[in-house]
Amino acid sequence: MEKEIVVVTGPTASGKSAACDIIADDLNCRVINCDSKQIYHGVPILTDQPVSVRDIHKLYGYVAPTQNYSAGLWLQDVKREVQQAWDDNVLPVITGGSGMYINSLVNGISDIPAIDPEVRKTARNLLESLGNAAFYEALVARDSNAARLHHNNTHQILRAFEVLEQTGTSIFTWWERSPRIKPFENCEVLVLLPPRNKLYDKINRRFLTMMQTDAISEVKYLMSLNLPMHAPVMKAHGAPEIVQYLQGKIEFMEAVEIAQKNTRHYAKRQCTWFRTQLPCDTRFFSSQNEIIDHVLAQYASKYPRTHTRPCN
């Protein structure tokens with residue numbers, strides 16, 4: 001059987017995960033996560049992990065919030081899961097909206113040297129002492145190319161600083177000169193881009209639902225771990241605002257409104273990235289039904305649904 005992969009991506013709250021769960025009801029497949037926050041355990045509500053994780057769901061909630069994780073480590077894990085799916089003759093369906101993970105999947109990763117733990121510690125301590133804005137300015141002062149990074153993307157600016165400190169060379173230079181080897185050749189990339197008004201309404205409603213369930217308890221759990229605010233899991237949608245609410249710095253509804261606004265802005269940036277950074281043969285869909293119908297039409301005959309599934 002041909003080694004195929006389907007990638008279903010899109011902005012936060014677009015409905016891609018729900019679409020994949022519906023696809024899995026009619027297709028013999030594995031749903032493999034490529035969301036950089038849904039990898040963490042202990043925060044399923046905050047990170048909007050599948051409500052009922054089945055044996056077909058892979059790479060959800062398996063990383064400790066305190067663990068230092070990266071797109072490179074995720075790529076190793078996803079290669080293993082994809083190979084296992086192929087060995088079991090089921091279709092790997094990779095879903096999530098994290099640009100770093102999607103980019104590493106479709107374009108590969110540059111061969112940047114490993115960062116010394118002391119360099120990483122120094123960079124993180126400097127970020128904590130300076131704050132995000134001043135840290136970004138310090139980075140740009142040393143590497144003008146870093147101005148191309150978004151100042152609120154803490155992970156990227158921290159990574160750029162670490163690489164510059166470790167190697168003396170801009171991360172952009174590494175990206176340009178290091179050959180990227182694509183991990184997979186036969187990826188069909190599908191993007192779910194609902195109309196903006198529907199997407200924003202879904203974001204607003206989803207965050208209210210999160211706040212009414214266990215999101216606050218999950219943030220309390222993260223705070224009990226004494227994680228720095230620049231830790232990746234602390235950047236989950238709503239986490240910074242809930243922390244401020246729990247610390248008495250803002251009111252409940254203010255936290256809700258700020259989180260909704262920040263998430264809408266993030267979704268807007270995601271939409272721009274999907275339209276400009278993905279391969280030219282990427283296909284775009286405006287509704288769940290369209291993307292579900294496409295996947296089933298393309299793959300149902302090759303991967304018919306069976307009553308028993310491998311439990312690897």
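Quick reminder: no glycine exception, Cβ is built from N, Cα and C everywhere.
Remember, predicted model here, so these are calculated numbers, not experimental data.
Over in Swiss-Prot, the protein carries these features:
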type	residues	note
BINDING	GLY10, PRO11, THR12, ALA13, SER14, GLY15, LYS16, SER17	ATP binding site
BINDING	THR12, ALA13, SER14, GLY15, LYS16, SER17	substrate binding site
REGION	35-38	region 'Interaction with substrate tRNA'
SITE	SER98	site 'Interaction with substrate tRNA'
SITE	ARG120	site 'Interaction with substrate tRNA'
For SER17 (ATP binding site), the three-state class that DSSP assigns: helix
Rounded Cα-Cα span from SER98 (site 'Interaction with substrate tRNA') to ALA13 (ATP binding site), Å: 13
Pairwise Cα distance for ARG120 (site 'Interaction with substrate tRNA')/LYS16 (ATP binding site) [Å, integer]: 34
Most crowded position, judged by CB atoms within 10 A, among SER17, SER98 as recorded positions: SER17
Between THR12 (ATP binding site) and SER98 (site 'Interaction with substrate tRNA'), the C-alpha gap once rounded to whole angstrom: 9
Binding-site residues listed as GLY10, PRO11, GLY15, least Cβ neighbours within 10 Å: GLY15
Neighbouring C-beta atoms (10 Å sphere around the C-beta of LYS16 (ATP binding site)): 25
Shell list (ATP; ref centroid = CB of GLY10, PRO11, THR12, ALA13, SER14, GLY15, LYS16, SER17; cutoff 8 A): GLY97, LEU192, PRO194, LEU199
Substrate site shell beyond THR12, ALA13, SER14, GLY15, LYS16, SER17, criterion: Cβ within 8 Å of Cβ centroid: GLY10, PRO11, ALA18, GLY97, LEU192, LYS202
Residue pair SER98 (site 'Interaction with substrate tRNA'), SER17 (ATP binding site) - Cα distance, angstrom, rounded: 13
Neighbour tally for THR12 (ATP binding site), based on other Cβ positions within 10 Å of its Cβ: 21
Neighbouring C-beta atoms (10 Å sphere around the C-beta of ARG120 (site 'Interaction with substrate tRNA')): 18
Counts of helix, strand and coil residues, the region 'Interaction with substrate tRNA' (35-38), according to DSSP: 0 helix, 0 strand, 4 coil
